[in-house]
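Asker: Sharing a structure, written as C-alpha cells. Questions coming.
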Amino acid sequence: WNFHKTAIIPALQSGGWKDLCMTSAGLEGDPDLQFLLLGGELIKIRSRSWKKNRFFKLQEDCKTLWYESHKIFKRKQTFSIDDIDYMRKGRQSEGLNKHTPSSVEGQCFTIIFKGRKKNLDLMAANEDEANKWVNGLEKIMSNMLNLSQQQKSDWIINCMRKADKNDDNKMTLKELKHFLRQVNIEVDDTYAADIFKQCDKSNSGSLEGSEIKHFYDLLTYREEIDVIYGQCAHTDGQMSAEDLLNFLLNEQREQVSMVDALKLIEKYEVDETAKQKKCMSKDGFLMYMHQEEGSILNPAHKQVYQDMHQPLNHYYISSSHNTYLMADQLKGPSSTEAYIKALMKSCRCVELDCWDGANGEPVIYHGYTLTSKVLFRDVIKVIKDYAFKTSDYPVILSLENHCTVDQQKLMAHYLISILGDALVSKPLGNNMPTNFPSPEDLKQKFLIKGKRLNKLDAALNNNSFIEEDTKSKIKLAKELSNIVIYCKSVHFSGFEHAKEMQAFYEMSSFKESKAFHLAETSATAYINHNMDKLSRIYPSGSRTDSSNYNPVPMWNAGCQIVALNFQTPSKEMHINQGRFLPNGASGYILKPEFQRSLSSQFDPSVLTKGPWLKKKTFNVMVISAQQLPKLNKDKENSIVDPLVRMELYGVPADNASKETHYINNNGFNPMWNETFVFDVHFPELAMLRFVVEDYDTTSQNDLIGQYCLPLTSVQSGYRHIPLLTKRANSNILNHFHLVCGGKQSEKEGIKAIFR
C-alpha cells in the first residue's frame, strides 16, 4: 500500500480528498457511486402506517451515509458503510414482507447492520433507483474489504486533512499533535516537538510538501518488518526469489518450491523493477505479510479440506439454541431475521419452538414467556431461501413440538410443500440403513429432528399407524412423524440402555447441567455413545439473558450438536465461531479419529498413553499491533493502553491463559516482543484465542478485538492476526491486526525477533 505515498503531496496541494478516496476505492466515474453521491429520496418503512420520505446521500469520504431525520435533536444522522453487514434486494425482510404489497418488490431493499442494530427497510421511486442504491453500496463494501491495506493510507491522509484546521495545506506543531491523537498515539510535548523538528527542513514552523511526506514515512515505518526482512534479504539489500524460498521453508515452515516463491513475487511485488529481477522489495514483503498467505489461519483450511464422506455423527455441527430469538429468553423479539443471521454464519442446526397460533396457523416463540411470535410458515420460507447461501451441507431443523394434531398437520404441509425435494422424507437408498449418511450425501438437504411414532423401517414399508402412541401417550400427526428420518428424538435412559435399545437414528437432547455431569463422571462412555449416535446439548433454562456455556468440554466428549445462543456476543460464541472457521466455514468439522473409533478408550480428563496423546510445545511471540481503534471516540484524548492475552481451551490439562504487559497510550503501533510457551497434550481438541484489551487500573479491561481458531489450523512462522469485534464481525476491524511469530514442535524453541 506504500504506493499511496506518491499521491499524498498532490492530494494535499490540490485539496482533492474526494478524488483520492475514489481513486483508492477504484470507483472513479462509476455511475452507481455518482448516483449515491448526489443522493435521493427513499421511503423508510417501519409499519403499514409508518412510511416516511427521507433524503439519503453518500458523504464525500465515500465511507459514510447521511440521511435526513425528523427527530428534534437529530435532524441529520449518519452511519458508516463499515456498519453494514450486507444488502438484501426486494421484499426479503420481515418488515417489508409484512408492510408492503408484492407490486413494489423491485423497488424495495434492506440494509442489514452488524450486531443488534435494527434493519433499515427502504423503498425507492422505481426499480432502477433501487438497483443503483444496492449496487453502489455493495461496490463500496467490497472495496472496503478488499483494499483494506490501501485504505490505511487514506485513513492517515484524512486525519491529516482534519488536523489542518485553517485548510492551508500546512501543519503546525499544534495541528501535528492533534493529528497524532486522531491516529491514536499519545506523545509528550518534547517528543512531538522532536518529530516536528526532524520534518521541518525549511525551518518555517510548519510542515508542507515533501516535509509532510517525510513525516508520513516516519509514521508508517515498521521496525519489526525491517528486522524480519533484513534477516532474510541477502541479495544487494533485496530479497531474491531464493531468499524468499529460504524464508518460506525455514521460517514459515511451508512445503513450497521455487515456483511458489516466484508466484508470490508476481502477485505481491509493487515495484516493477524488482519484479523483473525476480526480487521482493520491502514494500512487496509487507504486502505479502498482510495477505492470506501471511495470515495465522492456514489458507488451505479456508476451503473444505476434510473428508466429508464420513457418517453424519462423526462431525461437530454448528448449532443454534432458540434460533428465533433476537435478544433475551423472556421478553425479547422473535424474528425470521434471527434465522437468516444464524444461517449466514453457516449454522447447520436451527431450533423451532412450535405452538398453536391464531387462525389455525402454527407460530414459533418461547412458550409461556412475553417473547413475540412469528409464523411457522414464514420461518420455513426464510430457511429455504438462506440455508445454503454460505454452505452446501445439510441443515437440521430441530422441532420442539407443542402443537395440537391439526396444526401439526399444517406444519408438515409447510415443510413438505416449501422445502420440496430438499426435504429428506425417507431413508436414502432402498434398504434399511444401519448408519448415518454423510454430509456429502446430504448436500443441499434438510433433516427434521423430532418425535416419531414408529421405527424407521416403517418409512421404507409405508406402514400406517395411529396418531397416538398408546405407550408414551404422544399425540403426533402421522404426516409430521413420517418426515422424521435420521433424527428421532428419544429420552435418555443411560448409556447401557442406549447401547442395547436405541437405534442409531434415535438421539437425545441434554440440558447443560446433565451434559457437563456426564462429561465429568462418564467421559469415555459418553464419547463411545457419540461414536454411533447424535447428541444435542442446550443451555440451562436459568440463562434467561441468553448467555452461553463453554462448548469445549462438550466437544471433548464427542457431542456433535452443541447449541448456543447465537445472538449473544461472548467468549463462548467466539470459541464456537473459531471452531467452525476452517473447513470452508461449512458448519461441519470432522471429529478426531480417537472420537470416532469404537476401540478408543480416550478420556479427556486422563493423560493416559495412547494414539490420541500427541504432546507438543506451542511457542508464540507477540510482536506488534497496528491501528488499534479508540474505544471512547467521544473523548479526543482517549488513547488505549493495549495488552494481548492468549487463551488456550481444550482438555483440562491444556487450558491456559498468558498475557503481555500493557503499553501506555499507544494504539497506533504498540510493540511487545514477548515470547510465551504452551504445553499441549491434545492439539486436535485445542482452541487458541487471542484477545486485545485496553488495560484499566480501576475497572475491568475493555475488549478491543479478538480472534479464535483451532490450534491445528495455525500456520507456523511470522503471521498476522486479523482482529474481530466482540460481535465477531469480520469487517469492522479489518484494518487492525497483530503480528506474531511462532511454531509448534515436539521440543521448545522459538526464534526471537528482538531482545
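Backbone N, Cα and C define each Cβ position, glycine as well.
Keep in mind the model is a prediction, meaning the values are calculated, not measured.
Below are the features listed in TrEMBL for this protein:
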BINDING   44-71, LYS449, LYS451, SER509, ARG536  substrate binding site
DOMAIN    151-186  domain 'EF-hand'
CARBOHYD  SER202  O-linked glycosylation site
ACT_SITE  HIS321  active site
BINDING   ASN322, GLU351, ASP353, GLU400  Ca(2+) 3 binding site
ACT_SITE  HIS366  active site
DOMAIN    480-596  domain 'PI-PLC Y-box'
BINDING   ILE639, ASP641, ASN665  Ca(2+) 4 binding site
BINDING   ASP694, TYR695, ASP696  Ca(2+) 5 binding site
Asker: Can you break down the domain 'PI-PLC Y-box' (480-596) into helix, strand and coil residue counts using DSSP?
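Answerer: Output for the domain 'PI-PLC Y-box' (480-596) reads 46 helix, 20 strand, 51 coil.
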Asker: Please report how many Å separate the Cα atom of ASN665 (Ca(2+) 4 binding site) from that of GLU400 (Ca(2+) 3 binding site), as a whole number.
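Answerer: With the alpha carbons as reference points, the distance is 52 Å.
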Asker: Roughly how many Å lie between the Cα atoms of ASP353 (Ca(2+) 3 binding site) and ILE639 (Ca(2+) 4 binding site), rounded to a whole value?
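Answerer: Roughly 46 Å, rounded to the nearest whole number.
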Asker: Cβ within 8 Å of the Ca(2+) 3 site's Cβ centroid: which residues qualify beyond ASN322, GLU351, ASP353, GLU400?
Answerer: HIS321, THR323, TYR324, LEU352, ILE364, HIS366, SER398
Asker: Should any of the recorded positions THR64, SER202, ASP696 have a Cα within 10 Å of the Cα of HIS321 (active site), which are they?
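Answerer: Qualifying among THR64, SER202, ASP696: none.
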Asker: Near ARG48 (substrate binding site), which residues of its own chain have a C-beta under 8 A away, given they sit six or more steps off in sequence?
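Answerer: In sequence order, LYS98, HIS99 meet the Cβ cut-off.
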Asker: Summarise the model confidence on the domain 'PI-PLC Y-box' (480-596) as a single mean pLDDT, whole number.
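Answerer: Averaged over the domain 'PI-PLC Y-box' (480-596), the predicted model reaches a pLDDT of 96.
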Asker: So for ASP641 (Ca(2+) 4 binding site), how many other CB atoms are inside 10 Å of its CB?
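Answerer: So the Cβ neighbour count for ASP641 (Ca(2+) 4 binding site) comes to 19.
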Asker: Can you grab the distance from THR64 (substrate binding site) over to HIS366 (active site)? Cα atoms, rounded to a whole Å.
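Answerer: The Cα atom of THR64 (substrate binding site) is 38 Å away from the Cα atom of HIS366 (active site).
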Asker: If you count other C-beta atoms within 10 angstroms, which of the binding-site residues GLU60, GLU400, ASP696 is the most crowded?
Answerer: GLU400
Asker: Let me spell it out: for each of the active-site residues (HIS321, HIS366), count the other Cβ atoms within 10 Å of that residue's Cβ, using every protein chain shown. Which one has the most?
Answerer: HIS321
Asker: If you count, for each of the binding-site residues GLU68, GLU351, ASP353, ASP694, the other Cβ atoms lying within 10 Å of its Cβ, which residue has the minimum?
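Answerer: Counting other Cβ atoms within 10 Å of each of the binding-site residues GLU68, GLU351, ASP353, ASP694, the minimum falls on GLU68.
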Asker: Check each residue in the chain of SER202 (O-linked glycosylation site) that is at least six apart in sequence and keep those whose C-beta is under 8 Å from its C-beta; list them in sequence order.
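Answerer: For SER202 (O-linked glycosylation site), the qualifying residues are GLU208, GLU211.
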Asker: Can you grab the distance from ASN322 (Ca(2+) 3 binding site) over to HIS366 (active site)? Cα atoms, rounded to a whole Å.
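Answerer: Per the Cα atoms, ASN322 (Ca(2+) 3 binding site) and HIS366 (active site) stand 8 Å apart.
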Asker: Measure from the Cα of GLU60 (substrate binding site) to the Cα of every one of the binding-site residues ILE639, ASP694, TYR695, ASP696, then give the nearest.
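Answerer: Closest candidate to GLU60 (substrate binding site), judged by Cα separation, is ILE639.
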Asker: Distance between ASP641 (Ca(2+) 4 binding site) and GLU400 (Ca(2+) 3 binding site) at the Cα atoms, whole Å?
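Answerer: Spelling it out, the Cα of ASP641 (Ca(2+) 4 binding site) and the Cα of GLU400 (Ca(2+) 3 binding site) are 48 Å apart.
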